[in-house]
Amino acid sequence: MPPKSRPAAAPASSTPSKPATSSKTGGSMDAQDIVLGVWNNYQKITPQRVKLLDSFMGFLVVVAALQFFYCLLVGNFPFNAFLSGFSATVGQFVLTASLRIQTNPDNKKEFESTSPERAFADYVFGSLLLHFFCVNFIN
Amino acid sequence: MRSIPLISSCVAALVSFAGAELNLSQPLLSKQVLLSTFKPPQVFKNANLVRTTNLDKGYPRETINVIVENIDSKPQSEYYLPFESSLISRVGGLEVRDKKDAEKGAFKVEVVGYDAESSATEYYLIHLPDPLSPKEQQTLSITYSVLSTLNPVPAQIGQSDKQYLQYTFSAYTPSAYLTEKQKTKIKFPNSDVPDYTTLPAESNAEKKADPQKQGSTFTYGPYNSIPAGAEELVSVRYEFTKPLTYASLLERDIEVSHWGGNLAIEERYWLENKGAHLKNQFSRVDWQKTSYMNPPTSALKGLNLPLHPGAVDAYFTDDIGNVSTSRFRPGNRESLLELKPRYPVFGGWKYSFRVGWNANLSKYLRKLSTGESYALKVPFLEGPRSPEGIQYSRVHLRVILPEGTTNLKFSTSVPIVDSQIDIHKTFMDTIGRTALSIHAINLVDELRERDLIITYDYPWAAGFRKPIVVSLGMFSVFAAAWVVGNLDTSIGKKKTA
Amino acid sequence: MAATEGEQFLKQVSSRNTRGLLRVIILVLIAGAAVSSRLFSVIRFESIIHEFDPWFNFRATKYLVQNGFYNFWDWFDDRTWHPLGRVTGGTLYPGLMVTSGVIYHILRFLTLPVDIRNICVLLAPGFSGLTALATYLLTSEMVTSPSAGLLAAAFMGITPGYISRSVAGSYDNEAIAIFLLVFTFFLWIKAVKNGSMFWGALTALFYGYMVSAWGGYVFITNLLPLHAFVLICMGRYSPRLYVSYTSWYALGTLASMQIPFVGFLPIRSSEHMSALGVFGLLQLVAFVEHVRAQLPSKQFQTLLRALVLIIFVVALGGLVLLTVSGIIAPWTGRFYSLWDTGYAKIHIPIIASVSEHQPTAWPAFFFDLSMMIWLFPAGVYMCFRRLTDEQVFIVIYSVLASYFAGVMVRLMLTLTPIVCVASAMAFSQILDTYLDARSPKADAKENGTSDPAKVAAAVVLPDGLRSTRQPLVGIYSYASKLTVIGASAVYLMLFVLHCTWVTSNAYSSPSVVLASRLPDGSQHIIDDYREAYYWLRQNTPDNAKIMSWWDYGYQIGGMADRPTLVDNNTWNNTHIATVGKAMSSREEVSYPIMRQHEVDYVLVVFGGLLGYSGDDINKFLWMVRIAEGIWPDEVKERNFFTPRGEYRVDDEATPTMKNSLMYKMSYYNYNSLFPAGQAQDRVRGSRLPAQGPELSTIEEAFTSENWIIRIYKVKEPDNFGRDLQSATAFDQGRKKKRATKRKGARVLRVE
């Protein structure tokens, strides 16, 4: 029953474009220079730490995709295990994305109450919870 | 009087028995084990013996008045009373007194048994307080009840039929000694006795018809020179259209609270009607039709619990909640708790429930002059009072004393089989309360007036243990909350900074 | 209110603290009022578990407390659904039992040995106090005025719509679920407002708790995505929304899958798909926004928008495809009945037969919500005025919940919190406006001057309200203020009176115990249910199987402690239909069914003597219908109606009716209670046939005092191999059936 998780995969499959920004999305566009502009912009503006986060997100996407294809090809026998593994990556991804958004100085006005430290504490809290659930679910 | 149960309880402590489960089939008895070859030494003879069997209640009450004479050359003090081994586990409340000197109190009695299971006869051993010199006579008055020995015959009757019970016994009073002269009187509740065994007139000492009838009283005998162990089984069948109320277990908790000045009593009953079963199923129509006339019935319709005056907050519940059909009548002489089971309890039906009430402690507790000791005097058994009587197969009495009680002693005239002192932990206890549990078997409702007297030491300081512990606990919680609150804000500040 | 009043007088430095303290005290008082108004039944009757479902929850809780958590998790209950049994641990929402189990153990740890029954009885009132608190928090997030929060808490505390499910003793899932519902919403609003992962994770945590407690969690599962979706559609996407929603969904879904009963549902059933869809959508939107922030190019934006749309459509198409191909479970029947109220009646009679699944009658709204019903729209309207993110939530919630409450009586419960919040907002607005202007003269004057300018005043809502009233009064503003405040106070009083009245009269009966009044005014308790259940408990073998209609299954399990064939957990329609068939067929048909299922006793509820209308004859048609659903050839509803289409039990009853086991069991021997030919059924108000029904395969075993419960024993097969009809006939000495007798003899000889 692999197709079941397809909707879940939809966000994941759209996200590879994010860290490796738009090299794929841009591929379909004719405006090659726009993509290039984005890339350059990204390289220029993004601080090193955020890049680290981005690469982590990229890694998560790859892991998620791997799990998903494994599930497609080999079968999903311990469905619990697959599901918790997959949700762990997805959950970690969104949490990381949230952390990235919250720490982004551009969004400062949106998040008046959350300092980066607070955001990181939240991140740790969320991740702990996430992994607790996953471990509990995996049997 | 006090020493008897104490010693017998020590004897009982030797015998281990498992916990008080309802369906424990093994009879609870304290025994002194003897070899199976044991025969009581023939040192006595029964000069004259009159046995009276009273069948007014739902169990036979036997009274044996016997003149014993020492025929040995030495003074003797051990008199044996035989019972069939199947019967001895159902004998309850056996007491022996000196007929001439009843005030002297009951003699010490213990059960002796054989190691072999199969032996047919077991004995009660009666210790005479003063050894009887040779050729001397003494009149003993032995009373006891036999539980669950009456069988309804026929075993199944209609809902509004009369109930007949059958009682089988030996026309010759079982004795370990030669009996020179004896007779047995049977008192029936009424004169409706359709069946009874007639014995040949030849065996009768006066050569008259055996038994002799006189109203509702039958007399078997007199018989002359019946040897030890002789038996002549006879049975009688008589009308008894009343419930045979039988409590397979009664748990009775008495909780003493010095702070509240309160004595809380709760009793849990597992009742059963041992009467004749219903031939057909229960018919509500018939029940409703006949209930107007209130005829005698073998069904248990209600129970009346007389309580001491001053009892308050009585309740009557069972496993699924309050039973609304009870009524509590406080009174000056005694308060009456009228219980009505949820359904009429017919033969073979069961009903278990609990009742409880509170009483003012000062009526039961007395401070002794010697320092911080107290004496508590409570009834050993209260329970319902009814003309047909109630049999209690097992009674577990537990007296819970305040936390910190020490040096506990008790005495009672009710025959008990075991007692122990343990710890009961409940509301906010730190070291737990001292609890005395007493086990008794084969009791009947006649013993309900007997008292249990407990003396104990309760130091003044122990009374303050709980308030101190509780306030310390509260204080530590607040302190912890305060510390945690302080910690939390400091972290938050750091973070937001 | 008091807080705002106090504001005027407490302008010192400490006033903030004082008001805070005052607020805490008021909240505690409200919680106290909420708890105590639910104790009617305990005071009037006793501490007892009510109704039907709570008995199962109670039994499960006892099992949990006695056997520990892990045994509870793997509990296979062979005392229900005989002979099938039920995997109870995997088919219930454990939140309720675990909650009371935890409370029990905490109390034990504190050396307070409280009976588990009392914990169960008082759990619902206790949680209702917490619900009031949660409502306060939720409302405080919506508006700045603290008085609205306090009002909402007070409303929530005493509104009958909520009390109906949370009186002491109604130990049901809803008891804690409403608190969780409101609190989850509060956390969600907090998360959306702050855009915080922490609050999002907390939302998920409480969502998980809610999932473990009540099937109604689906409401949250759909409402939160809807809120997010509407915000996106309104062009209100913000990173805060992304953070809160994704952290909630990722964690919440995982949390919900921890419950065995829910299991894989969150990724398989359609009810949960909207949440997933919005999750995906948010990823896309977030990505697009991200890119847009990097690149302010117009064409690019539109291109991306198109992309988003395409992906969305593809995802939706995929979802539909998956649903059709059956990988994702389609909507459940209960859910369909939400959209089409007639659906259940046609397709699933078992759902329709439950009274709380019926559409709500109009008076019920007023009955349960009283004056809030007209304050509610005003509150919703006020939300439209400002329409912040959280107020959008109120609007969506109220629209959805109003609809659902109209469809199913039971869902009135989900409507109640939002009605309380919205009407408190409206009410506090009125009070704030009218109370605020009392002390400063300038304010009053301003009010006075604004009176003539009605048009200007009408712009603001509360002013509008006042302006419509003031011309009526036509005097000075003090008078108008007094009028309005007085009127409000009167309304509040009436509300309190109404709530108390409804609670004490309608919702505080345990339904296990019935109360009636004796002529002298004293209360008489009719305790037939427990009489009969206790008889079963004491006087039947421990594993005697009891057959009864499923309504009483949980009670028999809980009070009589005997195995049952069917119970209120209606998971197996066929099994219920079997019982329905046994009840509605002739004895010859029913007897083999009963023997097959090893039934020892049959229990029916009969109210004819007492006029108790909730009896089995009145429920009989549902049995027939459910049985007909499985055996349309053998059981026909039409046959139970007279040719004129009436449902009768008297002389004119149809032969099918008269021969049905249920009819016979209900009226067996009933005649002999009356003078000949005078037997009267007081529920249906009809005179019964002179000749009472006769039974041959079962015999009366017990009938309770007022005949409400009748228990029959199923006879053993005849010793001589005769069928029981002829055996009975023979016993009664009837010579007519000689033929069958001879047959019986012949059988003997063959052997």
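Quick reminder: no glycine exception, Cβ is built from N, Cα and C everywhere.
Bear in mind that TrEMBL entries carry predicted annotations, made automatically and left uncurated.
These figures come from a predicted structure and were not determined experimentally.
TrEMBL has this to say about the protein:
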{"type": "COMPBIAS", "residues": "C:734-751", "note": "compositional bias 'Basic residues'"}
{"type": "DOMAIN", "residues": "C:22-422", "note": "domain 'Oligosaccharyl transferase STT3 N-terminal'"}
{"type": "DOMAIN", "residues": "C:546-595", "note": "domain 'STT3/PglB/AglB core'"}
{"type": "REGION", "residues": "C:731-751", "note": "region 'Disordered'"}
{"type": "TRANSMEM", "residues": "C:21-43", "note": "transmembrane segment"}
{"type": "TRANSMEM", "residues": "C:91-107", "note": "transmembrane segment"}
{"type": "TRANSMEM", "residues": "C:119-138", "note": "transmembrane segment"}
{"type": "TRANSMEM", "residues": "C:144-163", "note": "transmembrane segment"}
{"type": "TRANSMEM", "residues": "C:175-191", "note": "transmembrane segment"}
{"type": "TRANSMEM", "residues": "C:211-234", "note": "transmembrane segment"}
{"type": "TRANSMEM", "residues": "C:246-267", "note": "transmembrane segment"}
{"type": "TRANSMEM", "residues": "C:273-291", "note": "transmembrane segment"}
{"type": "TRANSMEM", "residues": "C:303-329", "note": "transmembrane segment"}
{"type": "TRANSMEM", "residues": "C:364-384", "note": "transmembrane segment"}
{"type": "TRANSMEM", "residues": "C:391-409", "note": "transmembrane segment"}
{"type": "TRANSMEM", "residues": "C:475-497", "note": "transmembrane segment"}
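Sequence-remote contacts of a segment are chain residues at least 6 beyond its ends whose Cβ falls under 8 Å from one of its Cβ atoms, and for the transmembrane segment (C:211-234) they are 93-96, 98-99, 173-174, 176-177, 180-181, 184-185, 188, 192, 241, 245, 248-249, 255-256, 258-259, 262, 266, 271-272, 274-275, 277-279, 281-282, 285, 335, 389, 392-393, 396-397, 400, 404, 411, 413-414. Counting only same-chain residues 6+ beyond the ends of the transmembrane segment (C:144-163), those with a CB under 8 A from a CB of the stretch are 1-4, 19, 23, 26-27, 30-31, 33-34, 37-38, 128-129, 131-133, 135-138, 178, 182, 367-370, 372, 412-413, 415-417, 419-421, 423-425, 427-429, 431-432, 495-496, 498-500, 502-503, 506-507. Per DSSP, the secondary structure of the domain 'STT3/PglB/AglB core' (C:546-595) breaks down as 32 helix, 3 strand, 15 coil. Listed as Cβ neighbours of the transmembrane segment (C:119-138) (distance under 8 Å, sequence separation of 6 or more from its ends, same chain) are residues 27, 30-32, 34-36, 38-39, 42, 47-49, 54, 57-58, 61, 96, 99-100, 103-104, 107, 149-150, 152-157, 162-163, 165-172, 175-176, 178-179, 182-183, 185-186, 189, 417, 420-421.
Confidence for the domain 'STT3/PglB/AglB core' (C:546-595), expressed as mean pLDDT, is 88.
Scored on C-beta pairs under 8 angstroms, the neighbour of the transmembrane segment (C:175-191) with the top count among C:21-43, C:91-107, C:246-267 is C:91-107. For the transmembrane segment (C:246-267), the residues of the chain that approach it from at least six positions outside its boundaries are 73, 89-94, 188, 191, 197, 200-201, 203-205, 207-208, 211-212, 217, 221, 224-225, 275-276, 278-279, 282-283, 329, judged by C-beta separation under 8 angstroms.
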